[in-house]
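These notes concern the structure reproduced below.
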Amino acid sequence: MRGTRAQTNTGRKEGVNLNKQQKQKKETTIDSYYSPNGTEGERSANDKPEIPANWIQAVEELKTQLREAEDNWEKNLKIKISHLETEALELKQENSVLKAKIIQLENEAKEMKDEAKEMKDEIKRMKDSLQRNSDQKEKDDQKAKDEIQSLRTRVKQLESSDLTRQQDTIRQNKKNEKIEENVKHLIHKTDNLENRSRRDNLRIIGIPEDHDKRKSLDIILEEIIQENCPEILEQEGKVEIERIHRSPPVFNPQLTTPRNVIAKFKNNQIKEQVLQAAKKKPFRYHGNTVRITQDLSASTLKDRKAWNMIFRKARELGLQPRIKYPSKLTIFLQGKVWSFN
């Protein structure tokens, strides 16, 4: 379309030049006709007829009008040519822009073609990957099915043998219960035997450790009895001790309280008299309070110690608490004696 427009503008320029040449030729012919020195083929001055003055004036006016028309025509022609040149320049610029756009579109088309090729390759890779994943999934599914089947078989085997194990467990539990009962019985019997072996012993609590350096423990025990219950010595004459020692045998410097003293009497009656006297009133020795209790096994002492808090609370309430052998708590309430194991 733009090429056709450029051809049209060129044709216009050629037509304008042809018309201009024809007008110049025409004017030359008229001027030559009326000129006194005409060229060949024109009339001579002698042959020229007389022309009226008004004609000559009309011719001059006509020539003037022709020149003005020619000038106006030339001006208009120049303006048109300028417009045509401007349009041509604009067309040229538009053509350059179009060429640039065409090049850009060609580049974009090339890029799109490359991207399309890459996308095609990527789709192919994805398709291959999906196919591989699908194959792997089928293998995994088959493997899972095989494992599930194996697990089901094992579960059935376990279920079939579970009843046997339950029966074995029941029998074993019964055996364990019987063993526990036997162990408890043996422990109780052992504690009873140990307590009976200690029935001639008294445990003296509160004798300072430094007294051992000045006197032997049997003399200290005799002084305690002399100070707190001299009637026993007056009746018996002398307290015979088979064995006396501290427990534990090794002194621990970190302990803040002195070790207990264990004394075994040769005469059980004297031991009982001392124990009953100690229950009636607290014993003292050189200004220190001394407690005397029956010597018992470690497990029995632990069981008795568990009653300490309840024992103190019951004493505050006036319930007359007592701990009987081996570790039974008794209280007096509403005229009755209540026992707790």
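Just so it is clear, glycine is given a Cβ too, placed from its N, Cα and C backbone atoms.
Pulled from TrEMBL:
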| type | residues | note |
| --- | --- | --- |
| COMPBIAS | 1-10 | compositional bias 'Polar residues' |
| REGION | 1-52 | region 'Disordered' |
| COMPBIAS | 40-50 | compositional bias 'Basic and acidic residues' |
| COMPBIAS | 113-149 | compositional bias 'Basic and acidic residues' |
| REGION | 113-177 | region 'Disordered' |
| COMPBIAS | 158-170 | compositional bias 'Polar residues' |
| DOMAIN | 199-295 | domain 'L1 transposable element RRM' |
| DOMAIN | 298-337 | domain 'L1 transposable element dsRBD-like' |
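In terms of DSSP secondary structure, the domain 'L1 transposable element dsRBD-like' (298-337) contains 17 helix, 11 strand, 12 coil. In the predicted structure, the domain 'L1 transposable element dsRBD-like' (298-337) carries a mean pLDDT of 82.
Counting residues of the compositional bias 'Basic and acidic residues' (113-149) by DSSP class, helix then strand then coil, yields 37 helix, 0 strand, 0 coil. Secondary structure of the compositional bias 'Polar residues' (158-170), assigned with DSSP and counted as helix (H, G, I), strand (E, B) and coil, comes to 13 helix, 0 strand, 0 coil.
For the domain 'L1 transposable element RRM' (199-295), the DSSP counts in helix, strand and coil order read 36 helix, 28 strand, 33 coil.
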